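Student: Submitted below is the structure of interest, expressed as structure tokens.
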Amino acid sequence: MASAPTQPQNIVSSTTAPDSDSTKGVTVDKEAVGEHLELDPVIDKRLDRKFDWHILPFLFGIWLFSFIDRSNIGNAAIAGLRRDLDIQSGTGFNVALLVFYATYIAVDVPSNWIIKRVRAGVYLPALITAWGVVCTCMGFVKSFSALVACRLLLGLFEGGILGGVIIYLAMFYRRHQMVLRCGLFYSAAPLSGAFVEGAMTVVFGMVCFFFMPNTPGDSRFLTPEEREQALRRMREDASGSSTIDVDDEKFNWHWVKMALMAPQTYLLSLLWFFLLVPLYSFSLFLPTIIFGMGYTSTTAQLLTAPPNMTGFVSVIVCSYLSDRFKVRGPFIAGGTVLGIIGYAMLLGSERNPVKYAGTFFIGLGVFQCSALMMGWCSNNLAPHYVRATGVGVIISLANCSAFIGTFIYLSDHA
């Protein structure tokens, strides 16, 4: 279970839907079917470099703004939000955190189905722009009900991002390359703890409209030769040289059924569920935890940056090593051990230096686990609509952990 798959799993063995209607309009490269051609290693490396430069910076920015916009409510809480909205006691603040995940979970699967039809290079920037507008409006809320409404809309627009990014990456990168790329964009999550939000999200979303490609087949920065090899290497990586190009694959309920019947869909959901509980509680409540140590609001917000930066480094290093050695499980297990040590220090000590040191261990452990899980999920599901459905289900079920994570730290405990 710990090794990244070198051969396709059962779920990727079938690339033909059960009836003739399902393949209507599908074009298969007959040359690739008839003869297995060697990939040019020079072009192969050039493709990786071009995709890295033209895709990853935008995905990093998307995830950076996503985590800033969803988790900065933790900074707002200690800066006067609870007082201003009269939710200093009880579970009102926790409810405001929780409602985000209600819509976030609901849209995962349908959003993943939509992304290819609408085109990822248009759909993802549209989501960014929409949630940027919502976040700008959140700065003007005057009541608890308005805050809840904004959080619901924020979850609605952000819900399609994580699954969409994983599906998007899987259109361009092979399985043994996925975890490092997932880690490079996901490293923005801990880095977001050092920033504050603003209307820049809207501006960034508009920039993405003009520069993000939809698929390898319509990437304008590739030559025709590079485009052909990019498509062929993805066919071969998925399930042999006869698999369908992502541009040609049509939606069919057969793919949905395959994803829903795959045991790995539910096993990965369960594992990710338990990994996300400490991640969400850490991301949302770290400013409150440090504020509870006796620091001022401003100092507490500044002190959240170092633990988050350790998480940033951890994600990059572990993702690189995981792809290098083609193993996932041992790194995830190591991350959970670090997280346990950190929470033990936080809960078991009365000394503030020890508690604060514990947050570094938590940052080292919890962020890298999630990044590795993304690549692991994508590795085990293909073709496109099987992956789109399976990844959506996994993210939806795993994010039910928010119902626990958002209520771990209550106002009465502050």
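Here, residue 1 is simply the first one shown, and the rest follow in order.
The backbone N, Cα and C atoms fix where each Cβ goes, and this holds for glycine too.
Sharing the record's features from TrEMBL:
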COMPBIAS  1-25  compositional bias 'Polar residues'
REGION    1-26  region 'Disordered'
TRANSMEM  55-73  transmembrane segment
TRANSMEM  93-115  transmembrane segment
TRANSMEM  122-141  transmembrane segment
TRANSMEM  153-173  transmembrane segment
TRANSMEM  185-212  transmembrane segment
TRANSMEM  266-290  transmembrane segment
TRANSMEM  302-322  transmembrane segment
TRANSMEM  328-349  transmembrane segment
TRANSMEM  356-376  transmembrane segment
TRANSMEM  388-410  transmembrane segment
Student: With a Cβ cut-off under 8 Å, give me the same-chain residues at least six positions beyond the ends of the transmembrane segment (153-173) that come close to it.
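Tutor: Distant Cβ neighbours of the transmembrane segment (153-173) are 48, 51, 55, 59, 62-63, 66, 69-70, 99-109, 111-112, 114-116, 120, 123-124, 127-128, 130-131, 134-135, 138, 181-182, 185, 215-216, 230, 234, 246, 374, 377-378, 382, 384, 387-388, 391-392, 395.
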Student: Would you kindly list the residues that approach the transmembrane segment (122-141) from elsewhere in its chain, counting only those six or more residues past its ends and only Cβ-Cβ distances under 8 Å?
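Tutor: Cβ under 8 Å, 6 or more out: 62, 65-66, 69, 85, 114-115, 147, 150-151, 153-154, 157-158, 160-161, 164-165, 168, 197-209, 212, 214.
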Student: Cβ pairs under 8 Å only, please: of the recorded stretches 55-73, 93-115, 266-290, 302-322, 388-410, which one is richest in them relative to the transmembrane segment (356-376)?
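Tutor: Selected stretch: 302-322, with the most Cβ pairs under 8 Å.
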Student: May I ask for the residues of the chain that lie six or more residues beyond the transmembrane segment (93-115) and have a Cβ under 8 Å from a Cβ within it?
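Tutor: Sequence-remote neighbours of the transmembrane segment (93-115) are 70, 73, 77, 81-82, 87, 123-124, 144, 147-148, 151-156, 158-160, 162-164, 167-168, 251, 284, 385, 388-389, 391-393, 395-396, 399-400, 402-403, 406-407, 410-411.
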